[in-house]
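All remarks here apply to the structure that follows.
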Amino acid sequence: MTAWHVVLLASIVCFGLKALGYLVPARLMERPTPARMVDLLTVALLAALISLQTFARGQELVLDARLPAVLVAAALFALRVPFIVVVIAAALVAAGIRALT
Amino acid sequence: MKIRSAEDTRAIRAALAVGLPTAAYGISFGALATLGAGLDLWQTMVLSLVMFTGGSQFALVGVLAAGGLSAWPSAVASAALLGSRNAVYAIRMSPVIGPGFARRAAAAHLTIDESTAVSSAQKTLRTQRIGFWLTGLVVYVGWNLTTVIGAVIGDLLGDVSAYGLDAAAAAAFLGLLWPRLVKLQAQAVAVAAAFVAALLTPVLMPGLPVLVAALVAVLFGATNWLGGRRTSNASTGAP
């Protein structure tokens, strides 16, 4: 597998998933259990990605400038600060801590 | 052409308010893809042009950045799993889009968190259509432009972590997750999944911890543990 193979394969799979939804009869996914699973799947995947993006460095777990940045982001989201402002603030907190240490 | 009503204006405002900031975030995708995952400019552009679903794009380059090219099965699987929610959005958008192969194919490509969310928040079919297409197009054009900017600037910036872009990515994921954490069940799934993913990181191949964490959702979803009463409306989670 080259990087191109990975890029194209993943892109086609993701487009295929979108297209698939327009072919499925609507009633199937309206049932509570599949709908709930898909909903929670998004939650689980995002939470796992946040966790790795915050604590993982390769296969190691480390505590560094990312954790305070994410905590600041959580506080700002709780205060309903707009998405892009929070993202920039998180970057600044991490960059600031790294510049000072 | 109909005269623009107040409802139309509201849909247009919502589309721009959601679409523009989201599009701006393509800068960090471009930078992470080139610097973190080592993709070239063209590969990065193809991801934004063809894959066009932010979560999956970040997941793909995130796993490649952590595990290298040999982690490609996990990278592709993570992208696919995160992209699976678009299939559900597509099912929901299907009646809004209406018939016609070309129109449905184009709609499929633009079916993402933001276009679905803005559309779903509108009251009439007409404004639901405006919300979907305008948000989708604003994000598509903007996201692709900013991807190029990020990929090019990223090269000049050097190490992204010095600029806190790794923390920015975590914050962005948190922003997508935040509105979904209203219910206790979702909170429990988020905490459990985050814990499982971190715990398995030192022992499993990069990418696999995320997939195992996804099983938490399947478990909770199948049993409806902590779900309380049956609320099928709870599944209409806006991003």
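Just so you know, glycine gets a Cβ as well, placed from its N, Cα and C.
Worth saying up front: this structure is predicted, and the values here are computed from it rather than measured.
Lifted from TrEMBL, the feature list:
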type	residues	note
TRANSMEM	B:12-38	transmembrane segment
TRANSMEM	B:58-83	transmembrane segment
TRANSMEM	B:130-154	transmembrane segment
TRANSMEM	B:160-179	transmembrane segment
TRANSMEM	B:186-204	transmembrane segment
TRANSMEM	B:210-227	transmembrane segment
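Within the chain, the transmembrane segment (B:210-227) has long-range Cβ neighbours (under 8 A, six or more residues past its boundaries) at 59, 63, 74, 77-78, 81, 183-185, 188-189, 192-194, 196-197, 200, 204. Only residues 6 or more beyond the boundaries of the transmembrane segment (B:186-204), in the same chain, are considered here, and those with a CB under 8 A from a CB of the stretch are 177, 180, 210, 212-214, 216-217, 220, 225-226. For the transmembrane segment (B:130-154), same-chain residues at least 6 beyond its ends with a Cβ under 8 Å from one of its own Cβ atoms are 8, 11-12, 14-16, 18-20, 22-35, 41, 44-45, 47-49, 52, 54, 93, 96-97, 107, 109-112, 114-119, 121-122, 160.
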